[in-house]
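To keep things clear, I will list the structure first and then write my remarks on it.
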Amino acid sequence: MGLLLLFLLLCGVADFARSLSITTPDQMIEKAKGETAYMPCKFTLSPEDHGPLDIEWLLSPPDNQQVDQVIILYSGDKIYDDYYPDLKGRVHFTSSDLKSGDASINVTNLQLSDTGTYQCKVKKAPGVGNKKIQLKVLVKPSGIRCYVDGSEEIGNDFKLKCEPKEGSLPLEYAWQKLSNAQKMPTSLIAEMTSPIISVKNATTEYSGTYSCTVSNRVGSDQCLLRLDVVPPSNRAGTIAGAIIGTLLALVLIGLIIFCCHKKRREKKYEKEVHHDIREDVPPPKSRTSTARSYIGSNHSSLGSMSPSNMEGYSKTQYNQVPSEDFERAPQSPTLPPTKFKYTYKIDGITVVQ
């Protein structure tokens, strides 16, 4: 009885050894964002495996809150790769003949969301096999910026900083002084693997060209920094010059504003004077004509007067002539002398002079 059981057990082990098996071991792959991940899945078949060949790749997201997603499938001699929208067009079988025993795939243009557990399942009845591959997508360091935080003067304290724009943790830093003329100051050696180097009481021996390399498991990047430690500058003179320059600029601006304002006022005054002439006001009367009419009226009166009343009339009438009219008409022409005729009677005889 015992021998029979042993024989059956040995036959079962032999059948299992001859069944379908995946030769690729479980593994973990780390790749940089944008690269291509190769995921191997090679298998062998046994003579007893007569069923149709089915190959299936599934993705298990790392948060374990979503169900497994089929990303590519081979069944009935056809390939289906449109199951998972996030990987559509980016996942492909590497072999054109999957029956040869190679079910490996490539995932191109990797994204951070592609991180997860990928499972390869191969079935050819009665044989079945599967393997898992862990994929972790990282971002390699890039956009490294090196700069000095502080004033690069003798006796000052400042910092040398090295900052990457992006990069998956953990990050490693490596500073190096590239100038051959001077070696790295002893006080900085302990900080050569730090993103920040603190310089105390700077001297000229710190001057030179430095490089900072930032790296992680998928890549690295580098930046250069030129450090020149110089004597202290004349700060008082610099401040005074800045103040004087500012005052001169303010004065110049004030002059420009004043000139513009003055010119604007002159133009405004010219417009007001131009429009001040009124068309509905008649021109002033000629003072010369007024004086002439006044004298003419007196001439007519004097012609009929007798010598007896001539003296009193001439005094009173000529005194009534407006002096203003005669004084303010210097441009009037000189009137010719007027000749008067006097008529009077002496002893009944009429005399005309």
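Yeah, the Cβs are placed from backbone N, Cα and C, and that goes for glycine too.
According to TrEMBL, the feature signal peptide maps to 1-19. Marked as domain 'Ig-like' by TrEMBL: 33-136, 141-216. Annotation source TrEMBL lists transmembrane segment at 239-260. The compositional bias 'Basic and acidic residues' feature in TrEMBL is assigned to 269-282. The region 'Disordered' annotation in TrEMBL covers 269-315. What TrEMBL records for 286-315 is compositional bias 'Polar residues'.
Within the domain 'Ig-like' (141-216), the DSSP-based counts of helix, strand and coil residues read 9 helix, 33 strand, 34 coil. Using DSSP to sort the residues of the domain 'Ig-like' (33-136) gives these counts of helix, strand and coil: 9 helix, 50 strand, 45 coil. Across the domain 'Ig-like' (33-136), the model assigns an average pLDDT of 93.
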